[in-house]
């Protein structure tokens, strides 16, 4: 018999509460990215939060101070290179040692692409796939053992609408392929981990995080014209989705992918 049970809470507020839970968010060292907004959302709902950085230690520490001061929760930053399984394995061990458990893991760290396969190098392709796809696998494998041992857990993968469509006019095949893999990884793991954990993905569209600032303005204007809502999304508009998947409000949701793209993929 499957081991995962329905929430015991009747109140929606209680279902969405993350009090007593520990949430890990990778890639949360920036001031306005999806990672820190996911961490803010979880902290606002009462979770203790562990965030990671690859190189921006100062940014991560500043975010930790903000989370603790604003929400009155325990927070800590960890260095983690998701392209290394050993680094992800160490992260899980360190968080469990410091917090006692992990209830939800948001695999958010990623890399962007700036060329197609003919103009780009083999090294550039391998970097994007290693970080975005294999990095997500490393996080999943590392925390999956902990979830199985506890008999409960929620893995939330930051995928992308680019895993559903081929972006135009910018060329980023490596990124599209990696994110499509993340979406199917979530579906596959939802089945593989059906007895002890839920796995879902979130596919954001164009979100104003600063990572696309290198894209020419005329290109950005073109893609805005292709979005029914006519603008980039804000990272804070994703907080509710991350909280939902991390919380007991989603105890019957697994293998799902939530598109949050301003309607881009409807066209």
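Including glycine, each Cβ sits where the backbone N, Cα and C put it.
Now, the feature entries from Swiss-Prot:
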type	residues	note
ACT_SITE	160	active site, proton donor
ACT_SITE	175	active site, proton acceptor
ACT_SITE	179	active site, lowers pKa of active site Tyr
BINDING	108, 141, 175, 179, 207, 209	NADP(+) binding site
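Look at residue 207 (NADP(+) binding site): DSSP puts it in a strand.
With respect to their backbone Cα atoms, residue 209 (NADP(+) binding site) and the residue listed as 'active site, proton donor' stand 14 Å from each other. The CA atom of residue 207 (NADP(+) binding site) is located 10 Å away from the CA atom of the residue listed as 'active site, proton donor'. When the recorded positions 108, 141, 160 are ranked by how far their Cα is from the Cα of residue 179 (active site, lowers pKa of active site Tyr), 160 comes first. A gap of 11 Å separates the Cα atoms of residue 108 (NADP(+) binding site) and the residue listed as 'active site, proton donor'. A simple way to gauge crowding: the CB of residue 108 (NADP(+) binding site) has 27 other CB atoms within 10 angstroms, across all the protein chains here. Across the recorded positions listed here (160, 209), the residue whose Cβ sits among the most other Cβ atoms within 10 Å is 160.
For residue 141 (NADP(+) binding site), the same-chain residues lying six or more positions away in sequence with a CB closer than 8 A to its CB are 85, 88. Compared over the active-site residues 175, 179, the count of CB atoms lying within 10 A of a residue's CB peaks at 179. The Cβ of residue 207 (NADP(+) binding site) has 24 other Cβ atoms within 10 Å, all protein chains considered.
The maximal spread of the NADP(+) binding site, taken as the longest Cα to Cα distance among 108, 141, 175, 179, 207, 209, is 28 Å.
Counting in whole angstrom, residue 160 (active site, proton donor) lies 9 from the residue listed as 'active site, proton acceptor' by their C-alpha atoms.
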